[in-house]
Amino acid sequence: MFPGAWLCWVSLLLLARLTQPCPVGCDCFGREVFCSDEQLADIPPDIPPHITDIVFVETAFTTVRTRAFSGSPNLTKVVFLNTQVRHLEPDAFGGLPRLQDLEITGSPVSNLSAHIFSNLSSLEKLTLDFDRLAGLPEDLFCHMDILESLQLQGNQLRTLPGRLFQSLRDLRTLNLAQNLLTQLPKGAFQSLTGLQMLKLSNNMLARLPEGALGSLSSLQELFLDGNAITELSPHLFSQLFSLEMLWLQHNAICHLPVSLFSSLHNLTFLSLKDNALRTLPEGLFAHNQGLLHLSLSYNQLETIPEGAFTNLSRLVSLTLSHNAITDLPEHVFRNLEQLVKLSLDSNNLTALHPALFHNLSRLQLLNLSRNQLTTLPGGIFDTNYDLFNLALLGNPWQCDCHLSYLTSWLRLYNNQISNTHTFCAGPAYLKGQLVPNLKQEQLICPVNPGHLSFRALGLDEGEPAGSWDLTVEGRAAHSQCAYSNPEGTVLLACEESRCRWLNIQLSSRDGSDSAAMVYNSSQEWGLRSSCGLLRVTVSIEAPAAGP
């Protein structure tokens, strides 16, 4: 805002204060009054009649007397924030026929009588958060026929009367989080057919009765996180046809019935983070085709069934981090074509199948950090065209020939990929080196002795046409690299890594049976293939045999 406009606005506020009466200890702005004077001993009796909103902040009076606001019939909003109010007399808010929003937050109110709210028939929102309420009368809300939002978070409620919410048929939001509830009475929510959000987070619930949520057919968001739930009834959610978001994290759930989520066709968000799950039943998410976000992190999963996510074709985010997963089936992510974020960090993965991510063409963020990976198979990222964030840190990477695909891929997309900093764990001479900075010639694999065939034609222009059969120490491969010189007279086929370690032993030349023959020759070739350039030098010395 420009300085001139700001000064103009402040001037108007000051002018408004000067031209209208305002209670002592309060500030008035148009139709709003803010009272924050610690010396204020009671509700001001001289609140202007045109005021619609009044807010008390950190005031010291402890009692709201009967019909304390009766001189202000136009009030629609009354708020007490962090005040010392601890007692509300019967009909404390009587005489407020237009009151729609009442809030008492952070006050030491510990109990309420049944008649405190008896005349608030226009109330739409009631907030009693972070007070000291230990119990509620069963008929406390019986006259609030049009109440839409009820906030009871952060109190000390241990139980709920069975008929407490019976008259709240228009209720849309109910917040009971951060209390001490250990159980829910049967039918407690039976009349709340229009409820859209229910928060039961951070209580002490160990189980939920079979029909506890049975009538909530309009419910869209359900918070059950931060409790002590160990098991869930197979039909607990069977009537929640409208449910879109479900929070079950921070519990102690060790088993999920296969039919648990089968009625939740509109579910888009599911968090099972921080439970005690060891397995996922096959078909658990078979009926949740609309799911977009799924978190299974901080459990004890050791593997994932191949068909676990088969029907989740719209899934955007999947979190499997902080488990004990050692192995992932080749096709476990096969149908996740819309997946953007995949977290596999902090598991025990030692190897990944080359085709594991092949259908994830929209994948942008992949976290593989803090596993036991020593290498990655060739081609594993070839279809991940949108990948820009790849976390690899905390793996024991062996920087030898088997890591050549990863280093080449990182160099190729160096300007597009972030978060790739990770270090070699071996071999010893590369330990601590940054993997993305390695050169191809540094990635060497030792070769175990074996047999490899090598065929050279026309070693020297002066030699007659013919061939030499050479025995080469190195393992004979079903070759991926076929090297040749430009003339095609020298052919060498071997694995890329093993062509670096050749020890050649010559057998007798075909047709040569002269023991007295002396032969000296040396030849160098530059051989090329799709694997790169290989330089080969062969020196042959055949001294005459003794008599």
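A Cβ is built for glycine as well, from the same backbone N, Cα and C atoms used for every other residue.
Pulled from Swiss-Prot, these are the features on record:
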type	residues	note
SIGNAL	1-21	signal peptide
DOMAIN	22-49	domain 'LRRNT'
CARBOHYD	ASN74	N-linked glycosylation site
REPEAT	98-119	repeat 'LRR 1'
CARBOHYD	ASN111	N-linked glycosylation site
CARBOHYD	ASN119	N-linked glycosylation site
REPEAT	122-143	repeat 'LRR 2'
REPEAT	146-167	repeat 'LRR 3'
REPEAT	170-191	repeat 'LRR 4'
REPEAT	194-215	repeat 'LRR 5'
REPEAT	218-239	repeat 'LRR 6'
REPEAT	242-263	repeat 'LRR 7'
REPEAT	266-287	repeat 'LRR 8'
CARBOHYD	ASN266	N-linked glycosylation site
REPEAT	290-311	repeat 'LRR 9'
CARBOHYD	ASN311	N-linked glycosylation site
REPEAT	314-335	repeat 'LRR 10'
REPEAT	338-359	repeat 'LRR 11'
CARBOHYD	ASN348	N-linked glycosylation site
CARBOHYD	ASN359	N-linked glycosylation site
REPEAT	362-383	repeat 'LRR 12'
CARBOHYD	ASN367	N-linked glycosylation site
DOMAIN	395-447	domain 'LRRCT'
CARBOHYD	ASN520	N-linked glycosylation site
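ASN266 (N-linked glycosylation site) sits 14 Å from ASN311 (N-linked glycosylation site), taking the C-alpha atoms as the reference points. The shortest Cα-Cα distance between ASN348 (N-linked glycosylation site) and any of the glycosylation sites ASN74, ASN111, ASN119 is the one to ASN111. The DSSP secondary structure for ASN111 (N-linked glycosylation site) is coil. The shortest Cα-Cα distance between ASN119 (N-linked glycosylation site) and any of the glycosylation sites ASN74, ASN111, ASN311, ASN359, ASN367 is the one to ASN74. In terms of C-alpha distance, the listed glycosylation sites ASN74, ASN111, ASN311, ASN359 place ASN359 closest to ASN367 (N-linked glycosylation site).
Per Cα geometry, ASN74 is the residue among the glycosylation sites ASN74, ASN311, ASN359 nearest to ASN111 (N-linked glycosylation site). Long-range Cβ neighbours of ASN74 (N-linked glycosylation site) (same chain, at least 6 residues apart, Cβ-Cβ under 8 Å): PRO49, HIS50, ILE51, THR52, ARG98. Cα separation, ASN359 (N-linked glycosylation site) to ASN311 (N-linked glycosylation site), rounded: 14 Å. With the fewest other C-beta atoms within 10 Å around its C-beta, ASN348 stands out among the glycosylation sites ASN119, ASN348. A C-beta separation below 8 Å, combined with a sequence spacing of at least six in one chain, links ASN311 (N-linked glycosylation site) to PHE285, ALA286, HIS287, ASN288, GLN289, ASN335. Sequence-distant neighbours of the repeat 'LRR 9' (290-311) (same chain, 6+ residues past either end, Cβ-Cβ under 8 Å): 249, 265-284, 317-336, 343. Among the listed glycosylation sites, namely ASN111, ASN266, ASN359, ASN367, the Cβ with the most fellow Cβ atoms inside 10 Å is that of ASN367.
Below 8 angstroms of C-beta separation, residues 177, 193-210, 212, 245-264, 271 of the same chain, each at least six residues beyond the ends of the repeat 'LRR 6' (218-239), sit close to that stretch.
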